[in-house]
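Novice: Grabbed the feature section from TrEMBL, which reads as follows:
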| type | residues | note |
| --- | --- | --- |
| DISULFID | 55-82 | disulfide bond |
| DISULFID | 116-143 | disulfide bond |
| DISULFID | 213-256 | disulfide bond |
| DOMAIN | 23-84 | domain 'Sushi' |
| DOMAIN | 85-145 | domain 'Sushi' |
| DOMAIN | 146-209 | domain 'Sushi' |
| DOMAIN | 211-269 | domain 'Sushi' |
| SIGNAL | 1-18 | signal peptide |
């Protein structure tokens with residue numbers, strides 16, 4: 001009797017388990033970027049069970065997504081979807097701007113990069129920011145004005161125009177350079193301008209030692225006044241002279257300039273008019289006081305016919321031109 005009762009109870013219990021399993025719902029619905037919260041998660045879901053979904057990190061739904069197990073199927077109680085969480089607008093950096101480099105909208109995971117306007121440079125270590133849960137990563141990048149480097153302190157020159165306290169040299173500022181001694185010369189530009197790209201328009205100049213000169217070069221048909229040695233300092237001057245009846249053309253001085261004698265001059269030659277040539281051309285001096293065989297450069301001489309008439313080919317009034325004078329002819 002007891003054995004029969006036990007067998008009957010076991011049979012009824014098995015029927016209950018079969019009925020429960022038959023009323024269970026299948027695998028939970030797939031909601032992109034969402035998962036079932038722990039409070040409603042079960043190993044097996046039965047009739048009437050309700051599950052809640054939570055969005056993954058970086059996603060939001062706006063409402064709690066709910067499903068209920070009914071007639072062995074899942075039915076929506078509150079429909080929703082998980083979308084990327086929007087970000088607050090990133091801060092603008094003065095003198096710069098940003099662009100999206102990863103993503104299309106300002107949402108979780110989007111990465112932006114900052115750029116500086118023309119005339120400015122990025123001084124921050126990081127120029128990108130990424131939208132995270134509640135803020136943007138990294139500090140706001142900083143754009144400072146482009147500046148030109150300071151000239152070297154040991155350059156051996158004097159510089160005018162450097163800002164006080166060695167502040168940055170901004171575009172359009174200029175510096176003026178000179179050498180710090182009388183026996184030096186500036187090799188390069190004496191004025192440099194800082195360009196908008198933070199570069200100087202020329203390289204820094206240098207101060208070089210001035211070289212002396214050897215003995216001055218000789219002058220054709222001329223000589224040097226006084227005594228001049230074979231060693232002359234930068235800045236020394238010599239004077240050239242021309243012989244009698246010659247004429248100096250140009251400044252008679254040359255100056256020793258960094259190893260080179262600078263100056264241009266010439267000794268213009270006088271002109272010679274002999275009696276035989278005048279007899280051949282049938283001419284003579286027009287004025288008795290001009291009766292001279294030597295004429296200085298640029299002197300003017302007038303002639304007259306001794307016989308016949310002037311042929312008109314060469315004017316009767318001629319000028320001595322560096323040793324050359326033309327003679328008119330009479331027939």
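Counting begins at 1 with the first residue displayed.
From the backbone N, Cα and C atoms, a Cβ is placed for every residue, glycine too.
Nobody curates TrEMBL annotations by hand; they come from automatic prediction.
Show me how these features fit into the structure around them.
Specialist: In this structure, residue 82 (disulfide bond) belongs to neither helix nor strand by DSSP; it is coil. Sequence-distant contacts of residue 82 (disulfide bond), defined by Cβ-Cβ distance under 8 angstroms and a gap of at least six in the same chain, are 31, 32, 33, 34, 53, 55, 56, 59, 60, 61, 65.
In the three-state DSSP classification, residue 116 (disulfide bond) falls within a strand.
Residue 256 (disulfide bond) counts 22 other C-beta atoms within 10 Å of its own C-beta, drawing on all protein chains shown. Residue 256 (disulfide bond) carries a strand DSSP state (E or B).
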Novice: Could you list the residues of the same chain, at least six apart in sequence, whose Cβ is under 8 A from the Cβ of residue 143 (disulfide bond)?
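Specialist: Within the chain, residue 143 (disulfide bond) has Cβ neighbours under 8 Å at 93, 94, 95, 96, 114, 116, 117, 120, 121, 122, 123.
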Novice: Based on DSSP, tally up the residues of the domain 'Sushi' (211-269) by helix, strand and coil.
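Specialist: Helix (H, G, I), strand (E, B), coil: 0 helix, 23 strand, 36 coil.
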Novice: Of the residues in the domain 'Sushi' (146-209), how many are helix, strand and coil by DSSP?
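Specialist: Tallying H, G and I as helix, E and B as strand, the rest coil: 3 helix, 25 strand, 36 coil.
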